[in-house]
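What follows is a set of notes on a single structure, which appears directly below.
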Amino acid sequence: MDPTLISLGALALAGAAATVSGCAEDLESDVGSQSNPNSQVQLGPQMGNIHRYFNKAISGEPVSYGLYVAVAGTIAWALINAGLNVVLAIIVGAGVAAIVHGAYSVSAFLGRTVGQSKKFGQPVYMDVLTSHIGPIVGHGFIAVFTMTLAAYLATTALGNPFPLPLVSLIFGITVGAIGSSTGDVHYGAEREYQKYPFGGGIPVANQGDIDIYAEYGVRNGLDSSYFCSRFGGPLTGLCFGLIIFLDGWRSILGNIIGGDLVTKTSIALLVGLLVVAVAAVINRKLEVYARNKYGPYRN
């Protein structure tokens, strides 16, 4: 079979895996309230809002997912070199990473909540711990498995020269950064502040004054994940999937058109710059259109 067709198929599969990974990563952080929105959850009890959110800011998402995917990639790499089937090796690696993820989540939830119990009256709800840890670990497993699969495809079919553990680390940091900057806005700026007018941002005076009641009953992290699965999660997946796909596509295009190594590299760089320029123009047009159509925010 033509090597170019194999590369295109591997790239399509890696892009699909990255899309699923980005979506699962964002929804996991919504269940556990990690990264940017967690500061608002942490401030909630200090503002008199006793809540039932799962509070687990282990670290920023880029750092934590860099760790999880690197653990999975390292274990998978060792097992593959030992002769184990590739899919089984990635599953085992993602399973170990899920256990690490769960251990950090439990310790972070208990530690951060207990730290606020005496002074601000925030209880440790054990049912919140038991009901949220499953979705956290489950979404995390899906994200890590698909991310490790994309990293494996990058190191084999797509010609990435670096070893699987290093590529896994880089991909984990990337997906965490995208989830933190893209999907978490839907949770932290919208879901946590639905009692305020839409579009007003989060003024300093409102920080920590989060919603503690849902459409029915008291709100928790599972409600947040359900809400964000309609927009924030898919948008994160689409963003990361496009990054993986377009980055691989420019390299493949350079290999097809170019002759020597310098020409291939130059074409790949030019195509990458063209993609960035087109994306910047589209973003600018969209922002101007939205501002002209809806106008400035008015309370």
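The backbone N, Cα and C atoms fix where each Cβ goes, and this holds for glycine too.
Keep in mind the model is a prediction, meaning the values are calculated, not measured.
According to Swiss-Prot, the features are:
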- 57-79: transmembrane segment (TRANSMEM)
- 89-111: transmembrane segment (TRANSMEM)
- 132-154: transmembrane segment (TRANSMEM)
- 164-183: transmembrane segment (TRANSMEM)
- 227-246: transmembrane segment (TRANSMEM)
- 261-283: transmembrane segment (TRANSMEM)
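Within its own chain, the transmembrane segment (57-79) has Cβ neighbours under 8 Å at 25, 29, 33-35, 38-39, 42, 86, 88-90, 92-94, 96-98, 100-101, 104-105, 108, 112, 140, 143-145, 147-148, 151-152, 163-165, 167-177, 179-180, 184, counting only residues six or more beyond its boundaries. By the count of Cβ pairs under 8 Å, the stretch nearest in packing to the transmembrane segment (227-246) among 89-111, 132-154, 164-183, 261-283 is 164-183.
The largest share of C-beta pairs under 8 angstroms with the transmembrane segment (132-154) comes from 89-111, of the ranges 89-111, 164-183, 261-283.
A Cβ distance under 8 Å defines the sequence-distant neighbours of the transmembrane segment (261-283), meaning residues of its chain 6+ beyond its ends; these are 246-247, 249-251, 253-255.
Away from its own ends, the transmembrane segment (89-111) comes close to residues 32, 54-58, 64, 67-69, 71-77, 79-80, 124, 128-129, 133, 136-137, 140-141, 144-145, 148-149, 152 of its chain (Cβ-Cβ under 8 Å, at least six residues beyond either end).
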